[in-house]
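See below for the structure under consideration.
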Amino acid sequence: MSGGPWFEGASRRLLLVALVMGTAATSFPTTLLAASLDTIRADFHSTTTVIAWVQVAPSLAFGLGMPLLGKLGDLHGHRRVYIYGLAISTLFAFLTAFAPNPYSLIAVRTIGQIAGAATGPSGFAIIAAALPDRDRAKSIGLLNTVGGLSPVIAVIAGGPIIDAVGWRALFLMQTVPCVIALVLAIKIVPETPRRRDVRFDIAGSVTLGVGALGLLLAVNRARALGFTHPFVMASFVLWPIMWSTFVVVERRTSSPLLPLHYLRRRRFSIPTATMSVTQAAFIGSFVVAPVMVQRLFGYSITLTSLVQIPRPIAFSIGSAFAGRMNAGLTRARLQLLGNGMLVVGSFVMVAGAATKSLILIEVGLVTTGFGNGFSRTTLFAYVSRAVDPADIGIATGVANMASQIGGAIGTTVMSVIVADSFARRDFAHSFLAGAVIACLALPICHAIRIRPTSDASFTPRGPE
């Protein structure tokens, strides 16, 4: 379908509704789950270290699953992968509500998130196949918009219910949009071309996945265990070995997981690197901000969640604006605008922490949210145009994995600076580290240069 026929009018709107609901359903529990971890720990009479894996393991699995499921979609059709992934995610969301102990909760939710990872790369690939070039950026913006709003809806609609009946209701609530999205997807989502002449690269998948897992585990557990812990040190040693092996494997195989020439193509590698940097600043701030609000202002979990709501709302608005302004996918200055706002907002967060000003903190949350939403939408649009249509699944999956790795690094750096402190100075230093990281995105994204192409000339040009 890469050359048409395109979905138009009511058909296009129904397709977007189906994809948007699937994407939103997988991110629905994020904010409320983070706020409920201590309650879950108490219910299971478990420890903070164990319960932390309720969030850590699914997050790692989600990041690792995206490139692999994206490649499966490229080979076997994204409709099939999207529907199977959403169906499994729906089933395990329901089962999560009945987990009898913390270990089953971690396992069931992790499996659900691995399957749910299919909605990202396959959703982008279906948009690229079903919609004309002029509409892709706007549609990607819509996916990011609703994905950003989904946790907000969960807090507003689900918060009072969870306070009344407990945390298990969160996953029963998640099941409802999952089922609706699944029914819509079965009826509406079109199939993309399959590549029957190409086999799935198992060796490449293993080396890429194990390498990424090693890096993510090393970065994630360094804060809890210390950088000199044997497990952390072994993980830091593992990932470069595995990724070096991945490059060797990909050079020798006739059916690579990720064609290596894309890494030399600036229109792919630069947006991917930029996403990693911006997510390091954004996610690090996202994790530290609620801790700061609780420690500096003494707010409850519910009130802290409400303070955070402006950020995902601003993220969604930024995504929507980017989708409308970025139709030609030609302007590096649009990327500079989004990342510039992320930088400005990060420094405002520094000032808010240093002065204990809730007003400045809210301004910083809104500015960073808008900037990141704007930046992320344009970057995904760049990535989708930088590769052959048959490789969009793996390309967007790798970009998402880079974002996850960046977010893990940013979270570790900023959390280590704060540690157990209640001092304004330490929170200010933490946000300053995030602001410095955000600044790195400006010279990187300056290198993006993409000329406009017509719908008929979607096939990417050679490496720049």
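Cβ coordinates come from backbone N, Cα and C, glycine included.
Sequence annotations record features per position, and here TrEMBL assigns domain 'Major facilitator superfamily (MFS) profile' to 15-453. Across all of the domain 'Major facilitator superfamily (MFS) profile' (15-453), the predicted model scores a mean pLDDT of 84.
Positions annotated as transmembrane segment by TrEMBL: 50-69 (among others).
Below 8 angstroms of C-beta separation, residues 22, 25-26, 69, 72-73, 105, 108-109, 111-113, 115-119, 122-123, 126, 168-172, 174-175, 178-179, 181-182, 185-186, 189, 393 of the same chain, each at least six residues beyond the ends of the transmembrane segment (81-99), sit close to that stretch. Sequence annotations record features per position, and here TrEMBL assigns transmembrane segment to 81-99 (among others).
Outside the transmembrane segment (111-130) by six or more residues, the chain places 1-2, 6-7, 12, 15, 19, 22-23, 25-26, 58-59, 61-67, 69-70, 73-74, 78-79, 81-82, 84-89, 91-93, 95-96, 136, 139-140, 143, 189-190, 192-193, 380, 384, 389, 392-394, 396-397, 400 with a CB less than 8 A from a CB of the stretch. Taken from TrEMBL, the feature transmembrane segment applies to 111-130 (among others).
Under the heading transmembrane segment, TrEMBL lists 142-162 (among others).
For the transmembrane segment (168-186), same-chain residues at least 6 beyond its ends with a Cβ under 8 Å from one of its own Cβ atoms are 14, 17-19, 21-22, 24-26, 28-29, 32-33, 36, 79, 82-83, 86-87, 89-90, 93-94, 96-98, 154, 157-158, 161-162. Per TrEMBL, transmembrane segment is recorded for 168-186 (among others).
Among the features that TrEMBL reports, transmembrane segment is placed at 198-219 (among others).
As annotated by TrEMBL, transmembrane segment applies to 231-249 (among others). Within its own chain, the transmembrane segment (231-249) has Cβ neighbours under 8 Å at 201, 203-204, 207-208, 210-215, 217-218, 221-222, 225, 260, counting only residues six or more beyond its boundaries.
The feature transmembrane segment is assigned by TrEMBL to 270-293 (among others).
Marked as transmembrane segment by TrEMBL: 299-322 (among others).
Among the features that TrEMBL reports, transmembrane segment is placed at 334-354 (among others). Outside the transmembrane segment (334-354) by six or more residues, the chain places 274, 278, 281-282, 285, 289, 292, 296, 318, 322, 325-326, 360-376, 378-379, 382, 424-425, 427-428, 430-432, 434-435, 438-439, 441-442, 445-446, 448 with a CB less than 8 A from a CB of the stretch.
What TrEMBL lists as transmembrane segment is 427-448 (among others). When Cβ-Cβ distances below 8 Å are used as the criterion, the transmembrane segment (427-448) is approached by residues 266-267, 270-271, 273-274, 277-278, 280-282, 284-285, 288, 292, 295-296, 332, 335-336, 339-340, 342-343, 346-347, 349-354, 364, 375, 382, 410, 413-415, 417-418, 421 of the same chain, each at least six residues removed from its ends.
Scored on C-beta pairs under 8 angstroms, the neighbour of the transmembrane segment (299-322) with the top count among 50-69, 198-219, 270-293 is 270-293. Sequence-distant contacts of the transmembrane segment (270-293) (same chain, at least 6 residues past either end, Cβ-Cβ under 8 Å): 34-35, 299, 304-305, 307-308, 311, 335, 339, 342, 346, 349, 353, 358, 361, 365, 368, 372, 375-376, 379-380, 382-383, 386, 398-399, 402-415, 418, 427, 430-431, 433-435, 437-438, 440-441, 444-445, 447-448.
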